[in-house]
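Under the heading disulfide bond, Swiss-Prot lists 31-165, 52-68, 100-258, 144-212, 176-191, 202-227, citing sequence analysis as support. Here Swiss-Prot flags 25-251 as domain 'Peptidase S1', drawing on sequence analysis. According to Swiss-Prot, the feature N-linked glycosylation site maps to 123, 253, an assignment based on sequence analysis. Per Swiss-Prot, signal peptide is recorded for 1-18, and the stated evidence type is similarity to another entry.
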């Protein structure tokens, strides 16, 4: 049954990629309720407001950005509407958190990644299914998918009740280097967006997934301010570069180190 659910959700994703890229996270269309069983929403015990997102990669582990670390994190799985919970919605807290560096330091172009082990594993359900880690890096020119509960307008902060989705394009890293002059010659980040602007991940989407061919290829990290400007793609942590570290941590090797 779990395999059937996974295959069904991959089919939904493939159909989504075939759509015309007119959907927006900024001011755009709502995700289909059955399209996103793997994203999770993060909030703190003190505040019920979502501040970041993440991705369930198996029943016990969530992948997100290092910049999303907080005290007393609460992780909501199986959520669509913030105001009308799904029957299979579940809430978990971290058991352990892992970073590339013990100091939890990261930069805009390096090591913005955090792996969270849940205190209690989740059960797969209609709206809770893990997303696969990448088997290979994404190709330049790929059409990928972003989704999240981040702001849907650029002139002011407007948070939606349900997540919004968009298709964006994968660019060569050099495209982002031309825009963001402080980027190093090489980094473990992906450059993706829409060059004419109007489509982008934005505030509170941080930590959420960039999905290509049914796999998590990126983690929302940072971009231009305000979001969705022309010729200013966003940057995403390149998950493929960290797969060995992720798999080592999950296997119990908690001293595993990230690639330099």
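Think of each number as a place in line: the chain as shown, counted from 1.
Glycine too: its Cβ is placed from the backbone N, Cα and C atoms.
Feature map: annotations from Swiss-Prot on the structure.
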{"residue": "31", "record": "disulfide bond", "Cβ within 10 Å": "23"}
{"residue": "52", "record": "disulfide bond", "Cβ within 10 Å": "26"}
{"residue": "100", "record": "disulfide bond", "Cβ within 10 Å": "23"}
{"residue": "144", "record": "disulfide bond", "Cβ within 10 Å": "22"}
{"residue": "165", "record": "disulfide bond", "Cβ within 10 Å": "22"}
{"residue": "176", "record": "disulfide bond", "Cβ within 10 Å": "23"}
{"residue": "191", "record": "disulfide bond", "Cβ within 10 Å": "26"}
{"residue": "212", "record": "disulfide bond", "Cβ within 10 Å": "24"}
{"residue": "253", "record": "N-linked glycosylation site", "Cβ within 10 Å": "11"}
{"residue": "258", "record": "disulfide bond", "Cβ within 10 Å": "19"}
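Here the candidates are the recorded positions 31, 165, 176, 202, 253, and by Cα distance the one nearest residue 52 (disulfide bond) turns out to be 202. For residue 31 (disulfide bond) paired with residue 258 (disulfide bond), the C-alpha to C-alpha distance reads 33 Å. Here the candidates are the recorded positions 123, 165, 176, 191, 202, and by Cα distance the one nearest residue 100 (disulfide bond) turns out to be 191. Listed disulfide-bonded residues: 68, 202, 227; maximum Cβ neighbour count within 10 Å falls on 202. If you draw a 10 Å sphere around the CB of residue 123 (N-linked glycosylation site), it holds 12 other CB atoms from the protein chains shown. Here the C-alpha separation of residue 212 (disulfide bond) and residue 176 (disulfide bond) works out to 19 Å.
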